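Participant: This is the structure I have questions about; it appears just below.
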């Protein structure tokens, strides 16, 4: 009777040991822990994908609105100049036409620029990335050059009105436009051959981002890009301050004859509008580029600021038609004829209804008093 008990005791002992071994094995297995961690990682990836998709939608809406505003405004400006002999024969409007063309190109490049938000892998391809940076730099620089050309034209017209027609001929105006485009191409083409693309690809921190701060050489920004912007901005400020001073002096003389106090508020408004829109549009972008390239300050925040400031700089191309063309009475009459589908110089055509409604609302909001031949009003129709 003792043997069965002993056998049973050993059997029970072996059974318990086996159970403990099985329990130990099951307890130490990493499968449940792995599954839980994998689930957490998956949820984080889903959350990141949602954030990325939300950002893509946001940038698509912003750039889509800018695209419509830029293209519609500048197409109308170009059409008004080309289809109206009175406007096209005006020397000053050579600069307006060139500005409208450069701004139109800014709008047409926006869909390509937007593709990098939708398909980030395009940033890994050298040709696509360089084309994106080069084209945007070219058309924005050309737009700035044309704004400087308009400032030169207005400076001569207001400060030296008696010599304007002798100095600012069609030949000189076209020459200045061509020089502006040549300078824009020269400045923008340099990064195509002088960049740190290979270094950017090897740099894990950059994650292959197609941004000026990662692609452009800091020396290029220090010696070419930044000095050119500072020089152009200084020239523009100098011209418009001198124009304002001359306009104010002229207004005082006119008011003295009429025994009225001088009114220079409208001229000051134009000065603030021109310089303010240019500064607000481009200065933040220049600051971010300096942080990224010269100081090599790269964070997710600066990357977001880069995207915001690019859109801000591009928005200047939507504002320019309102400042330089749509406040001019001749242009406004031409726009009304275009939007009402009336013929200009014997040409008949029809625009889409949505574009006509958009243009009419803008013209209505930008109404100004009729033009006169005084220097003050010449300044106001810049």
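For all residues, glycine too, the Cβ spot is worked out from N, Cα and C.
Keep in mind it's a predicted model, so treat the numbers as computed, not measured.
Look at TrEMBL and you will find 56-83, 95-113, 125-152, 172-194, 224-245, 266-292, 304-326 tagged as transmembrane segment. The domain 'G-protein coupled receptors family 1 profile' annotation in TrEMBL covers 73-324.
For the listed features, I'd like the structural context: burial, neighbours, distances.
Facilitator: Sequence-distant contacts of the transmembrane segment (95-113) (same chain, six or more residues past either end, CB-CB distance under 8 Å): 63, 66-67, 69-71, 73-75, 77-78, 81-82, 88, 131-132, 135-136, 139-140, 142-143, 145-147, 149-150, 153, 173, 176-177, 180-181, 184, 310, 314, 317-318, 320-321, 324-325.
Cβ atoms under 8 Å from those of the transmembrane segment (224-245) belong to residues 144-145, 147-148, 151-152, 154-155, 158-159, 187, 190, 216, 264, 267-268, 271, 274-275, 278-279, 282, 286, 289-290, 294, 379 of the same chain, restricted to positions at least 6 beyond its ends.
Same-chain neighbours of the transmembrane segment (266-292): 144, 147, 211-214, 216, 221, 225-226, 229, 233, 236-237, 240-241, 243-244, 247-248, 251, 298, 302, 305-306, 308-310, 312-313, 315-316, 319, 323, 376, 379-380, 382, counting only residues six or more beyond its ends whose CB sits under 8 Å from a CB of the stretch.
Beyond the transmembrane segment (304-326), the same-chain residues lying 6 or more positions past its ends with a Cβ under 8 Å from any Cβ of the stretch are 59, 62-63, 66, 69-70, 73-74, 76-77, 80, 96, 99-100, 102-104, 106-107, 110, 113, 136, 140, 143, 147, 150, 211-213, 273-274, 277-278, 280-282, 284-285, 287-288, 292, 332, 335, 362-363, 366, 382.
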Participant: Report yes or no: does the transmembrane segment (125-152) come within contact of the transmembrane segment (172-194), defined as 3 or more CB pairs under 8 Å with a sequence separation of 6 or more?
Facilitator: yes
Participant: Give the nonlocal contacts of the transmembrane segment (56-83) in its own chain as ranges (CB under 8 Å, at least six residues past its ends).
Facilitator: 93, 96-97, 100-101, 103-104, 106-108, 110-111, 113-114, 117-118, 307, 311, 314-315, 317-318, 320-322, 325-326, 331, 334-335, 338-339, 344-345, 347, 355, 358-359, 362
Participant: At a C-beta cut-off of under 8 Å, are there same-chain residues at least 6 beyond the transmembrane segment (172-194) that contact it? List them, or none.
Facilitator: 91-92, 94-95, 98, 102, 130, 133-134, 137-139, 141-142, 144-146, 148-149, 152-153, 215-217, 220, 224-225, 228
